[in-house]
Amino acid sequence: MEVQESGCDPSESGAQEPSPVPSKTAGHYELPWVEKYRPLKLNEIVGNEDTVSRLEVFAREGNVPNIIIAGPPGTGKTTSILCLARALLGPALKDAVLELNASNDRGIDVVRNKIKMFAQQKVTLPKGRHKIIILDEADSMTDGAQQALRRTMEIYSKTTRFALACNASDKIIEPIQSRCAVLRYTKLTDAQVLTRLMNVIEKEKVPYTDDGLEAIIFTAQGDMRQALNNLQSTFSGFGYINSENVFKVCDEPHPLLVKEMIQHCVDANIDEAYKILAHLWHLGYSPEDVIGNIFRVCKTFPMAEYLKLEFIKEIGYTHMKVAEGVNSLLQMAGLLARLCQKTMAPVAS
């Protein structure tokens, strides 16, 4: 979603702020909204409708294969597996599910001890139902642990099913992939994130402005967990959701400043563009944050298509140089110079 240019200075709020932080009683514990509003049923999950519908078929028919769900963070991979387990096992969920985070428990000992012991346990379940072992962030497991897991999956295939969630399925060894149904999740769209945010805002009675919601969606980049965390953090800190407060909490280069910098490049005004870059640099933002936001703003910036293609090519080239650790401020200043050069009228010979 494009961040609208409101014509006001980024440091100014778009609306009058009410009284700050909502009052909370001493010792009151606020459950994170990510957990409070975590879906409990498959039909409550936002986005990835085709993949979720396959899981609903598994839940109805009962005989689930081993599954791998791969996709970006915050798209509902672990939640989908938990909803599937809840639909399949019902009241037996507590006894028949083992949940492990493979980024902590990543060694071969975990497969030999925890997983093997759970797979050997006897649990009475209805026909066509199996115990479920959930391995979150399975792409963090060592190769040795994955090799050991392959044999365990074969031995206990009559009683136990494995559900793996990971960001990159190519980090799971081929023998495990061939034993599983691989489901792929994609980033959520801005509209899907907005729908869920509005649902939470209504229930929590959160005051907001449209530019505040756009700022949350801009910073989340299709990650629902990030969006809800940013919403709750802004509400807890300021009691009001507007773009100024959101960017204070998220502490990213403000897109209106970045937009202004790109506009100066389009106008071939390198001096003004560099002033904004130097300002962002002195605020302490990392080069990756600055270059990433330049790219995200450039994608929706109103300019000629051929010029946008040239800009994105130069931004990508500079990002590569910055990632290699080459003097970052110099590289970004060079980027501004090249962007200005793209828009300058050719000099008559």
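Note that Cβ sites are derived from N, Cα and C of the backbone, with glycine treated the same way.
Under the three-state DSSP scheme, G74 (ATP binding site) falls in the coil class. Within the same chain, residues at least six positions away from G74 (ATP binding site) with a Cβ under 8 Å of its Cβ are L188, A220, G222, D223, M224, R225, Q226, A227. The ATP binding site annotation in Swiss-Prot covers G71, P72, P73, G74, T75, G76, K77, T78, and the record cites sequence analysis as its basis.
What Swiss-Prot lists as N-acetylmethionine is M1, and the listing cites similarity to another entry.
Feature annotation from Swiss-Prot assigns N6-acetyllysine to K158 (among others). Within 10 Å of the C-beta atom of K158 (N6-acetyllysine) sit 6 other C-beta atoms, taking all shown protein chains into account. In the three-state DSSP classification, K158 (N6-acetyllysine) falls within coil.
Annotation for K299 (N6-acetyllysine): spatial neighbours K308, I312, criterion Cβ-Cβ under 8 Å with sequence separation of six or more. In the three-state DSSP assignment, the secondary structure recorded for K299 (N6-acetyllysine) is helix. The N6-acetyllysine annotation in Swiss-Prot covers K299 (among others).
Among the features that Swiss-Prot reports, region 'Disordered' is placed at 1-27.
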Other same-chain residues whose Cβ falls within 8 Å of the Cβ centroid of G71, P72, P73, G74, T75, G76, K77, T78, the recorded ATP site, in sequence order: A165, N167, Y185, D223, M224, R225
Sparsest Cβ surroundings (other CB atoms within 10 Å) among the binding-site residues P73, G76: P73
Length of the line joining the Cα atoms of T75 (ATP binding site) and K158 (N6-acetyllysine), in Å: 31
Entry from the binding-site residues list G71, P72 having the most other CB atoms no farther than 10 A: G71
